[in-house]
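Listed in TrEMBL for this protein:
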- 1-429: domain 'Major facilitator superfamily (MFS) profile' (DOMAIN)
- 12-30: transmembrane segment (TRANSMEM)
- 37-55: transmembrane segment (TRANSMEM)
- 98-116: transmembrane segment (TRANSMEM)
- 128-146: transmembrane segment (TRANSMEM)
- 218-236: transmembrane segment (TRANSMEM)
- 243-263: transmembrane segment (TRANSMEM)
- 269-291: transmembrane segment (TRANSMEM)
- 312-333: transmembrane segment (TRANSMEM)
- 339-363: transmembrane segment (TRANSMEM)
- 375-394: transmembrane segment (TRANSMEM)
- 406-428: transmembrane segment (TRANSMEM)
Amino acid sequence: MNVTYAQLNNAMSVNFVGLSVGCVLFIPLAKKFGRRPVYLVSTGIMMAASFWSSWMKSLPELYITNLLHGLAGATNESIVQITVADIFFVHHRGGMNGLYMTMVMIGSFLTPMGAGTQATRAGWRASYRALGIVNAVLFGLFVFLYEETKYTPVVLGVGSGPESQNIPAKSIESSQQPDIGCTDRQESRHELDTTISLNTWRQRLALVTYTAEPIWPYFYRPFVVLTTFPAVLFCALQYALGVAWLTILSSVLGLVFPMPPYNFTPEQIGFMSIGPFVGNLLGSAYGGFLGDRSILFFARRNKGYYEPEMRLYILHLPALTLAGGLIMFGVTISRGLHWIWPSIGGALFGFGLGSIGDAALTLVIDSYRDITGDAFTGVAFLRNAISIGIPFAISPWLARSGAQDMFIACGLISLAVTLTIIPMVLYGKKMRVVTASRYRTMASLWH
């Protein structure tokens, strides 16, 4: 198609515009009409855009398909967290978010490997056809297997109690008995009512789960939540900067490694994603499943009380590896060292990204479960808004500063942002107390 690097960067920015707009568009629809129709529509758009990309022949088509990919992909960054909150308990959410982060990174790191190999051997259009086929299979799975997770509580009427009667004071006094001591604590048990029938398969796969609340507040409340709840803003900054570093690292791979001394083919450049992927896999397990185990330990030490900020206690190591990995990647490629060294740097970066991203997302769910939709819409919007300008800045920044200084700056900025973990650990609970009344007000609007 004779597309330049600058035009490809423009297309990437258009994709981020779609992601920013899509998260604001789809969350209100998911709250009003259910999660299932939004997943189906977004997957269908992604499938159509993928097949269109395999046939496109002009630059405007490149921009339009990237916009559609962004709009459809926005559900991946907002509604998935709502689904996790719908289904899983507190001590499982870290692991499930870790699994989610792993799946996202498979798309970010492993897909370029397969796409690079396929593009080298069969052309880039074959890669988009394969993506369209995968999305078609995924669409079919959503149609027949994905059940609605939106819960609509049923408020049952309560009959009035018996009329009050006047009881003589002497009767009250005579009925009072002296305390005879505390009885042993009995284990509470909840019996399931097996007489309640389960929903049928057709009911569980209903296309729409409608509720009567007004939809328009969902379009502006994410920005209110983002700017007035410190934990949400903390999560947004961690997630946004992490994805920005990922965008820079991936773009520099495509700019530097085709040139001497590496002279990599597209297939070889794709395999450079193995290091960050392995690191992210380990990081997601560290911040997710190990994080779930750690909060049980910290809660026991806190006399059985769990605080969401406990998930941040183990993030000192990921904060250092994220910054150190970026610096190592930039220094090694600027000096033309063997490709294994930037791969190790990418792995360290991936470990930090997976750990911190998982813990930050789960922190928001645990702190403000009843407004997760608004919270993650704000998080996704800020993440993508920051990323819109990144592709335009990469090439001039790299040409002016060089890879070494560029990634040292990224590492130092990253360390400064991740160190905000410390004030969140120290003052996070106090900030939640201050915002508690606002949270209750907004949660009541959800329901």
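In case you wondered, yes, glycine gets a Cβ from its N, Cα and C as well.
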Ask   = Given the transmembrane segment (98-116), which of the listed stretches 12-30, 37-55, 243-263 has the most Cβ pairs that are under 8 Å apart from it?
value = 243-263
Message = With contact taken as 3 or more Cβ pairs under 8 angstroms (pairs 6 or more apart in sequence), are the transmembrane segment (375-394) and the transmembrane segment (37-55) in contact?
response = no
Task = Can you tell me which of 128-146, 218-236, 269-291, 339-363 gets the most C-beta pairs within less than 8 Å of the transmembrane segment (406-428)?
result = 218-236
Key: Confidence summary (mean pLDDT) of the domain 'Major facilitator superfamily (MFS) profile' (1-429)   = 86
Note = With the cut-off at Cβ under 8 Å and a gap of six or more residues from its ends, the chain residues touching the transmembrane segment (128-146) are 36, 39-40, 43-44, 46-47, 50-51, 53-54, 114, 118, 205
Note = Ranked by Cβ pairs within a distance under 8 Å of the transmembrane segment (243-263), the first of 218-236, 269-291, 339-363 is 269-291
